[in-house]
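Taken from TrEMBL, the feature transmembrane segment applies to 21-39, 45-65, 77-95, 101-120, 127-146, 172-191, 223-243, 297-317.
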Amino acid sequence: MKRSGADMLARPRPEAPRAPTIVPVLCILALGLALPLVLTSGFHIRLAMLVWIYAILCMGFNLLYGYSGQISLGQPAFYAIGAYAFGMLQVMLGWSPVLAFLGSLALVAVLSLLIGLPLLRLRTHYLAMATLAFMLIQNGVANRWIEFTGGQSGIAVPPLQWGGEPIGRTGIYYIVLALAAAVLLLHDLLIRSHLGRAMQAIRDDETAAQALGVRVTRYKLRVLVLSGVMAAVAGVCFGFTSLRVDPSLSEFHVLVSMLTIAVVGGLGTRFGPIVGAVIVVVLPQLLTQFGELETVVYGLFILLFLLFLPHGLAGVLERRDWFARRSSSPRMASRTRELEREPS
């Protein structure tokens, strides 16, 4: 049953101080800081970096689909473009890593804006198919424009340096962790902001939200740009951790991994992308003991997850207030029409 406009807009406003927002982020950051002290092998450090990279990628998708209801399958394209741009700006134009990072984000922001203007007129599966087509186009260009992208061989990304010396594996891990923490904090603040309440109103009932004065197209475009930029951050992280970028970044296995993380972690939850990334990245390594049956066991696990935890693991935890603030405050009733009163 669709909720009324008043119900949809009854979202708690961020309170001062923002401890409920900051504290879980700091706890996750502390856990991330301690990982290199426990994980001694290069393989495990690389696996931990991949968890954070996929978590960043899925935070953007979570904003776009989990909170605003816009099903875009083009996130891997922005992921790949961010990685390619980061490498090319350094190799071809001689930019520093910091400038290349900022340039990559700016490029993806502009590109997602240009793509969003026509595509966001579409809804549901039409939008999904259009953004999937964009991903296929990007992958085709990356494969066939050999002079520019290197084709299937890809391009090399210069290693990050400090004081003229390459940064070590642990240092690279902490850079990825810092970027993941920044994106997580931004993700958390956005969903508690006026933009976040508008996104959720659009997700719950776009027609009712528009009738209540929410500028639907404007908000959808903002979210698409933000999610694209987050995907670009993930792509940049992949670039300087793997030191090579190739068309596999926008292939179907990346899309499937992203969707699986979203479902397992929990769509529309604050920490679902991180929880899902840990499970989806680490689980296949634990299933190698099954040999040829590894894929079968993995598929059964995902199927059981969908059947018994349809809201994802983080969704279960948040419903029990492990992560979320208690929502029984009587002040919530007085906030019913805050979104209508706040400026767009």
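Backbone N, Cα and C atoms are what each Cβ position is placed from, and that goes for glycine too.
TrEMBL does not curate its annotations; it predicts them automatically.
A contact between the transmembrane segment (77-95) and the transmembrane segment (172-191) is absent, since fewer than 3 of their C-beta pairs, 6 or more residues apart, lie under 8 Å. Sequence-remote contacts of a segment are chain residues at least 6 beyond its ends whose Cβ falls under 8 Å from one of its Cβ atoms, and for the transmembrane segment (21-39) they are 14, 45, 48, 52, 170, 173-174, 177, 180-181, 184-185, 188-189, 192, 270-271, 274, 323. Spatially, the transmembrane segment (223-243) is adjacent to the transmembrane segment (101-120); three or more Cβ-Cβ distances between them are under 8 Å for residues at least 6 apart in sequence. By the Cβ criterion (under 8 Å, sequence separation of 6 or more), the transmembrane segment (127-146) is not in contact with the transmembrane segment (172-191), since fewer than 3 such pairs are found.
Beyond the ends of the transmembrane segment (101-120), by six or more residues, the same chain brings 70, 74, 78, 81-83, 85-86, 89, 95, 127, 130-131, 134, 217, 220-221, 224-225, 227-229, 231-233, 235-236 to within a C-beta distance below 8 angstroms of the stretch.
Sequence-distant contacts of the transmembrane segment (172-191) (same chain, at least 6 residues past either end, Cβ-Cβ under 8 Å): 14, 18, 21-22, 24-25, 28-29, 32-33, 35-36, 45, 48-49, 52-53, 55-56, 59, 62-63, 67, 160, 199-200, 226, 230, 233, 236-237, 240-241, 270, 273-274.
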